[in-house]
Each structure stands twice: as C-alpha cells, then as structure tokens.
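The Fe cation binding site feature in TrEMBL is assigned to His201, His248, His313, His494.
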Amino acid sequence: MMSQTGSSPQAPAFKPPFDMSGHWDGEGIQAAFQNARHQPWTLGYRSFDVESAQAGPVAVHGALPEGLRGTLFRTGPALHDMGGQRYAHRWDGDGLLQAFRLRDEGVTHQARYLHTEKYLREKAAGKRLVSGFGTHVAGSRNLPEPMDEMNAGNINIVPCAGEMLALWEPGSAYRVDPNTLDTLGVKTWRDDLKGAAFSAHPRRMPDGTMWNFGCVAAEGLVRVFHVSASGALIDVHTLAIPHSATLHDFAVTSRHLVFLAPPLALSPERLRAGLPFGAACEWRPSLGLRVVVVDLRDWSEQRFELPASNVFHIGNAWEDDDGVIRLDCMRDDQPRAMLAGWTLMKGEYRHHGGTRMTLITIDTCKGSIDCQTREDLEGEYPVVASEEIGQRYRQVVFARRSAQRDPGVPGFDQIASFDVEEGAVDVYDYGAGWLVEEHVIASDRHVPGQRWVIGSALDLLEQQTVLSVFNAGALHAGPVMQARLPYALPLGLHGSFVADD
C-alpha cells in the first residue's frame, strides 16, 4: 500500500466557490444549511449558541485509569451564525474553548467562548463586522493591518508557563486561565512584535522550550520564535519563504527546523477584487511542495522540492547521527479540506479523497529527499507523545477515515495508531454514526512506559459529545473509559492534555 510520490497525475484545478466579486450571501448559506439539517452529520457544524456551558461529573462507562489525571483542553470554530447570517467557511467561526477535567471525583466539562476583540465587538453589534479566512464581509478588509482585527482564536490551545495560549494562524496568541477558561488578553512577546503572527502548531520540546513560527503573508517571510520554558522570548529569526501564506505546521529535530510549503500562492489581484483570504489563494502546481530545512546552529538552509501536494499537519520528526531526518505528515494532491470548508457550511458534502499518511526522509549530508505514502491510511490530526517531540519515536496516532465510510458523510470514523518504523496499524472503529475528532497521547503518572490515547467524538444517534480513553498499545480493544456529555458540541480542531501536578 506504500507508494512513492512523484508519479501521480496533476491535481485538478483549485476552484473556491466564488466569483471575482467575493460576494457573501450569509442569509442564503444559512437557509441552505437549515434545509440540510435532516442529514445527521450536520450536527457537527451547527453553532454553539450559548456563551458558556458546564457539566459533570458526567455519566462514565468503564473506569478512568489511576495514572491519568489532568485536563484535555480543546478549541475550534463554533459560532458559525450571527445576525441571521452564516459564515461561508468552516474555519471562520469564533473559537470555543473546552476543558475536559479528569479527576478522582469524575469527569467534568466546561466550554466558554474566547473573548477576542473580534468576538466582543460582533456580539455587541449583533452582526458580523470583519471578514474571515473564507468569508468576505462587506465594508471590511480581507487582509487588515493589524491582522488581530479578524483574530478568531479558533485553531489550537497549548500550555505555556502556567497559562494556556489560544492560537489562530496569522495573528496573536490569546492568554487563557487554565482553571476558569477566562480570557486574559493578547500575548505580546516583545513590544516590536505586537500583533505579529504566532502560528497554531508550536512545538514544545522535552526541555520545556518552545519553537513556533508566524507568516508575514504579503511579504513571503516567516518569523521563527524561540520561547523559554518560563515563557520568555529567547530569539526571533526571519526566513524568506515566498508563497508561504498557508503554511500551517512545521517540525523540529535536535538540530533542524523543517517547513513543508504547499503551492498555494496569495494573489494580490484577487484580494483587491474582494475575495476573502482563502479564496484569494491560487493553486500553482509548478511551485511543487517546497521543503525548507533550517540548521539551528547557524541558520543555514537546504531546500528541496516534492511534487505539488498539500500538507497541513505533521506528526513529528527526528534525525540520526548521520544527519538523516525522518518525519511523518498527512499529504494530499490538493487542499481538499480547505475547499470542503465552503460546502460544509451549506450542508453539502461529497468525498473525493483526502490526506494520507506520508513518510519523508531527508539526508542533509547527501542533499537527497524521499517520500513514501501509505495509500490505505487516509486521515488527519497526527500526534505523538509530547515527550517525543523532536526525538526518535514509533507511534503516531491520528483520526482515520475508513474505506467503507459513506461518501456523502464528511469526517472520520476511526482512531488509528501507526508504527512509523514497522508499518503496523492498530485501529478502533467508532462506527458509521460518529464524527471522530483529534485524539492525543498522555503518559501514565505512575507506570513508566504506559500511555493513554484520549479524545472526543460526536455520537450522531444520541446527539452527544463523548470523551474516550484508550490504552495506547491496544486501540483495537476499545475504550477503557467513555464519558458522555449531556449535549453535542460543534466539531473542534486541536488541543492539548495537561497532566495534574
């Protein structure tokens, strides 16, 4: 099932569903979605219409492992509708913070909207005021300065020096109280970096330090941030990576940073014509998938090219003593998930393939690169154990889409574990009536080497969000614990597990 990248046919043209006016028919999109609500899967794309919610201790089936105590923090776009209009793209909704707390007393859940400047302004006005990634709001700019004007804080939430950071893509991180989910304000790393992009997939190393980047979309620049374990900025370095506006993730090894830049180029002409940011991007296969390897010792670069393809998420990377870097990622021949974000908001979906597990090997001494794809492993949201970031690893966990899934239903129905060295796969099938979200890996506090996989999924039949815990070494055996919330949550994106002290 492993195929070598390079012989696949050219991807179809990238065609966002807009004419060059960028007109947003929010009322029409909302009406279309309402008419499609008879489809069970649309439950995952409804708005969460209350400011906050909490539940628990909730009903639990099975037993919470003794060595697993802490909080699973998650976020994602959840307020899709406002003022009788619906956003055009799934990634535009305001971020809903969540905390699944695992305690001796049981499992509780808390949800609260992140109070960004955008959210507070629009709630007060009762309507949308600023454009989003895939929605042009009349009278607003599609690439404002500062970008925080449209910051929805809806992609990821990660720990940093005793706080949580709610992350977007082209704007600031927002500080969040981990105990209350209160919004504490914008994180400014340095006065001259106020409002600078701080991307949604930082890499926290085993020593507690953190690497991240932020794209300066209009200039083809990428800022690299290095943050200490105490949350202080150590350094910032700027790289030139043209056409990197949609760069979403990266990898860190003991000696290198690795960026995979898709051939999506931001068109100034499309922006000026009124298209939202996402629709103003052009798919340019001639650019290829550009691989930029940066040596952390002297900031020298090596650049490679793979056939045109889209990568949003990387699981992990490591390198051996001979300078050979190995990484895993989810790769597709075009940005299908990005395109589907527009049709999903109207309650429409037809599956035409998605990202697949891909292993990339880069020999920094010989200057060579190899790419192998597991065609049978379609999925997203690859994660590894936090203590293995940048280190040699074997297990990557991801949400998988089975080959039997109804093509008229979006998303994933399985959780899978892949051994990057042996190629073995372990799978738990939730079933056709589920929408499976990102799961993460947590280490047992008492038993060395014991790991747990924890994550949420939406039960469409019962209309409830369910938290599951699995033995990381035996996903196929099913969850050792499931906790059911008394409500359904919109599908989120990413999050982090923070163990109790």
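Glycine is no exception: its Cβ is also placed from the backbone N, Cα and C atoms.
Worth saying up front: this structure is predicted, and the values here are computed from it rather than measured.
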Setting His201, His248, His313, His494 aside, what same-chain residues sit with their Cβ within 8 Å of the center of the Cβ atoms that define the Fe cation site, listed in sequence order?
Ile155, Asn156, Ala200, Asp249, Phe312, Ile314, Leu493
So for His494 (Fe cation binding site), how many other CB atoms are inside 10 Å of its CB?
22
So, in DSSP terms, is His201 (Fe cation binding site) helix, strand, or coil?
coil
What is the total of other Cβ atoms whose distance to the Cβ of His248 (Fe cation binding site) is within 10 Å?
18
Is it possible to get the count of other C-beta atoms within 10 angstroms of the C-beta of His313 (Fe cation binding site)?
22
